[in-house]
Amino acid sequence: MILNSSTEDSIKRIQDDCPKAGRHNYIFVMIPTLYSIIFVVGIFGNSLVVIVIYFYMKLKTVASVFLLNLALADLCFLLTLPLWAVYTAMEYRWPFGNYLCKIASASVSFNLYASVFLLTCLSIDRYLAIVHPMKSRLRRTMLVAKVTCIIIWLLAGLASLPTIIHRNVFFIENTNITVCAFHYESQNSTLPVGLGLTKNILGFLFPFLIILTSYTLIWKALKKAYEIQKNKPRNDDIFKIIMAIVLFFFFSWVPHQIFTFLDVLIQLGIIHDCKIADIVDTAMPITICLAYFNNCLNPLFYGFLGKKFKKYFLQLLKYIPPKAKSHSSLSTKMSTLSYRPSENGSSSTKKSAPCTEVE
């Protein structure tokens, strides 16, 4: 969608140079359906994650704090998803007013940054817990985890401020519809560049590099531990899990980030072809479904790596109430071996200790 401003009114009036871009009947049916599925699955799954972690597991570990906040961030986003489903089903006609336009848009942006930052911190926590279990004891505390989550929520809110400021309701004169969209004045070309690059770099590239580095180091440490303890059979599931975590994150977000970058080029007028604009506007909601559906499954995905999480989750599904006493924290297959150098410089392996527990 290429928008040009014409007149100013209570609702700003603009022109769309490519009015048919992204407007296909199958999009107006398929995307609301996918949004509805994401909403139902996401609300159900993330609500159960919150209940399991808070009431059954008693929020005892650092990783459980990150997972709880991840689920809460997803729930905040999911609550606005029906608005986007209606918006798309109405062929991109926004009936909810300017305030809800800003709030719903900011929720999408907030969830992107909060979830990515939390996953990044979770990967760092896994690295410290598995590779440096003894050294990281004093740093991996509940207080540090809670303060980190507060900082993440503040940073995600700060990163979403431009969306609150610049996302508005506009009336497109040549199509006679009201949309909730970004609109950039031609002379203010630095804004879309800044927003697009922030989303690409801060919302994907840097976090992915940190996640990739963390799990690569975990991979190497566990591999070395198995080589040292040759009499112990190698559990390849550990390495499959690590590979799945990295690939899951990468392929969930790469399509959306690519089309976000192309959309910035269109908004800047670098790309003028309406055929390309149609491809981008058609693909964008599909990539959003992919990214945010996987995003909403993350708490379940990470949680089910832990045996105790699975146990309590199944208990909850069977309506078995949590016991009054506190439960010990989650552990996963990645915590069956921890690796650390001994004091004399040689390498040693040991069975998992509480400091290596993943959730």
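Positions of Cβ are set from backbone N, Cα and C atoms, glycine also.
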Do HIS24 and LEU316 end up on the same side of the membrane (judging by the domain labels in Swiss-Prot)?
no
Check for me: which candidate out of CYS274, CYS289, CYS296 does Swiss-Prot give as the disulfide partner of CYS18?
CYS274
What residue among CYS180, CYS289, CYS296 is stated in Swiss-Prot to be the disulfide partner of CYS101?
CYS180
Short question: most Cβ pairs under 8 Å with the transmembrane segment (142-165), which of 62-89, 99-125, 191-216, 279-304?
99-125
With CYS180 (disulfide bond) as the reference Cα, tell me which of the recorded positions GLN15, ASP17, CYS18, LYS199 is the closest one.
GLN15
Taking DSSP states H, G and I as helix and E and B as strand, how many residues of the topological domain 'Cytoplasmic' (56-61) are helix, strand and coil?
1 helix, 0 strand, 5 coil
Report, as numbers and ranges, every residue of the chain located at least six residues beyond the transmembrane segment (279-304) whose Cβ falls under 8 Å of a Cβ in that stretch; write 'none' if there are none.
1, 18, 21-24, 27, 31, 34-35, 37-38, 41-42, 45-46, 49, 52-53, 63, 67, 70-71, 74, 77-78, 88, 108, 111-112, 115, 119, 122, 248, 252-253, 255-256, 258-260, 262-263, 266, 310, 313, 330, 359
Say we define neighbours as other CB atoms within 10 Å of the CB. Which of the recorded positions GLN15, ASN176 has the fewest?
ASN176
So, by DSSP, how many helix, strand and coil residues make up the topological domain 'Extracellular' (90-98)?
2 helix, 0 strand, 7 coil
